[in-house]
Amino acid sequence: MASTWAIQAHMDQNEPLEVKIEEEKYTTRQDWDLRKNNTHSREVFRQYFRQFCYQETSGPREALSRLRELCHQWLRPETHTKEQILELLVLEQFLTILPEELQAWVQEQHPESGEEVVTVLEDLERELDEPGEQVSVHTGEQEMFLQEMVPLRKEGEPSMSLQSMKAQPKYESPELESQQEQVLDVETGNEYGNLKQEVSEEMEPHGNTSSKFENDMSKSARCGETREPEEITEEPSACSREDKQPTCDENGVSLTENSDHTEHQRICPGEESYGCDDCGKAFSQHSYLIEHQRIHTGDRPYKCEECGKAFRGRTVLIRHKIIHTGEKPYKCNECGKAFGRWSALNQHQRLHTGEKHYHCNDCGKAFSQKAGLFHHIKIHTRDKPYQCTQCNKSFSRRSILTQHQGVHTGAKPYECNECGKAFVYNSSLVSHQEIHHKEKCYQCKECGKSFSQSGLIQHQRIHTGEKPYKCDVCEKAFIQRTSLTEHQRIHTGERPYKCDKCGKAFTQRSVLTEHQRIHTGERPYKCDECGNAFRGITSLIQHQRIHTGEKPYQCDECGKAFRQRKKTSYKEILLKNHSEPQAGVNLLLSSLIPEWQSCFRKDL
């Protein structure tokens, strides 16, 4: 059972604040100083300060006294300067205003200042903006396309908000702090806290026994192990897999690449540790401590000769240089795709298994990568921070904005390998490729065209003449429900799609999109025969009939054929219904907006 922390502050402020776990007290000054100087202990005091309740005290004087003591132990004015105290307050507020999913990601990096938070978020944004890939995943007879994304949080991982942080010792690699990337993404969660408490209830907290136990447990938990206390030094690592694979010298953790051994040792501490005087973090080697201390000093001695970007560690610089050299030493055995980082390969390989560990709490939708869940959450929050400077449209992801901007520039980066046709959007390419996948297509027996299953059902109504969706006002019928919905706006006068440039409104979104190209000058539909470009697909189809000679519209009276349907004038509507003039008038009025209908009916 997890222990309950209780704080007792004495009226005499000269006496030290006592922290106890259930009935046990840290009575010696040495134990108290050790806890007081710990970074995680400061976080405990901060939480108690923020969550302090007036009802827990006997009166206002005691409440004020306890608040002063808690704040004193949190901010440490005897060791911190005014600037450092201000930075702590700003950092706390900065973390508080972040969205919950970002709070969890940032807290995992344990930032010490607001600048570190900015660095973490900027690095995360760069990783999320990397172009994705399509990975074919076979499950039974189905084939689905997944998007490669950078993971954010594992399923079941607790939300590391400001109110739920645990006071736990942790060994970290400065390289991983700089890179915001963990080779072995494991955590010291509730199992560690509960196990530590079970042992602490059976042991007297004296000497170095507690310290050694914490080091052993930190080492074990870092490698993803959950052991019983008596098995800590006897059982092999829970994460070892194959005898032939390289393993960690400290705890036998299995590694998939020889190069991972160095990576793993940076997060798996040895017996000796080196502590940072500024923040209390501990490291297994002195060189790691030196590199970490550059976070506090701001020193970045390793500079890239190509782009001038500077780094705190040599290893981080070496990894960065891969961007310029294009070297990708880590290759996927399934599809052959190569990566510059082992962690990127590890994330990519999850796509082939089809596993979806990350679930949305709002709708239950599952994702194989944390980044997929991260982007999906924006659907519920309606967050669209990325805006196009050309047309002012907003998007939830920078990558979608980049794709959209191809509409204005004319860039079509997604090309079909089968026929060479190019598209602005990757989704358009995926839809197009279904034409070539015969096993996924449904072919019309009348004309031979291929469609998806739902598309074929709608298409066949063209041949059968079936129009199941009928307008209640004018009794006009349609093949699709969406066509009926758009048509009914003629009678209601509703024009929900308005142009931001000139204020003109339209009944259909597609008509607005085509209209906006008048302002932007965009003509994305190009004729392959003569090179003429058009704003809309309908205009291109009509134009292409000049080259093909197709004339699909025929006159019922004389049999003459035409390339495009002639628009019916109001006069022709009345002439066609000359035998029933009132029916012609009603049909004509039904095509007008309600305001005009009422005006004309008064004159009739």
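Cβ coordinates come from backbone N, Cα and C, glycine included.
Under the heading SUMO2 cross-link, Swiss-Prot lists LYS20 (among others), citing similarity to another entry as support.
The feature SUMO2 cross-link is assigned by Swiss-Prot to LYS25 (among others).
Taken together, the residues in the domain 'SCAN box' (46-128) have a mean pLDDT of 78 on the 0 to 100 scale. Positions annotated as domain 'SCAN box' by Swiss-Prot: 46-128.
Feature annotation from Swiss-Prot assigns SUMO2 cross-link to LYS196 (among others).
What Swiss-Prot records for 201-264 is region 'Disordered'.
As annotated by Swiss-Prot, compositional bias 'Basic and acidic residues' applies to 213-230.
What Swiss-Prot lists as zinc finger is 274-296 (among others). Residue counts for the zinc finger (274-296) under DSSP (helix as H, G, I; strand as E, B; rest coil) come to 11 helix, 4 strand, 8 coil.
Per Swiss-Prot, zinc finger is recorded for 302-324 (among others).
Annotated zinc finger per Swiss-Prot: 330-352 (among others), in sequence order. The DSSP breakdown of the zinc finger (330-352) into helical (H, G, I), extended (E, B) and coil residues amounts to 11 helix, 4 strand, 8 coil.
Positions annotated as zinc finger by Swiss-Prot: 358-380 (among others).
Residues or ranges marked as zinc finger by Swiss-Prot: 386-408 (among others). With helix defined as DSSP H, G or I and strand as E or B, the zinc finger (386-408) counts 11 helix, 4 strand, 8 coil.
Marked as zinc finger by Swiss-Prot: 414-436 (among others).
Residues annotated as zinc finger in Swiss-Prot, with sequence analysis given as evidence: 442-463 (among others).
If you look up Swiss-Prot, you'll see 469-491 (among others) marked as zinc finger, on the strength of sequence analysis.
With DSSP classes pooled into helix, strand and coil, the tally for the zinc finger (497-519) is 11 helix, 4 strand, 8 coil. According to Swiss-Prot, the feature zinc finger maps to 497-519 (among others).
Residues annotated as zinc finger in Swiss-Prot, with sequence analysis given as evidence: 525-547 (among others).
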Is the zinc finger (525-547) packed against any residues at least 6 beyond its ends, judged by a Cβ distance under 8 Å, and which are they? 514, 517-518, 563-564
Given 330-352, 386-408, 497-519, the one sharing the most C-beta pairs under 8 Å with the zinc finger (302-324) is 330-352
Using DSSP, tally how many residues of the zinc finger (469-491) sit in helix, strand and coil. 11 helix, 4 strand, 8 coil
Spatial neighbours of the zinc finger (497-519) far in sequence, C-beta under 8 Å, 6+ residues away: 391-392, 486, 489-490, 535-536
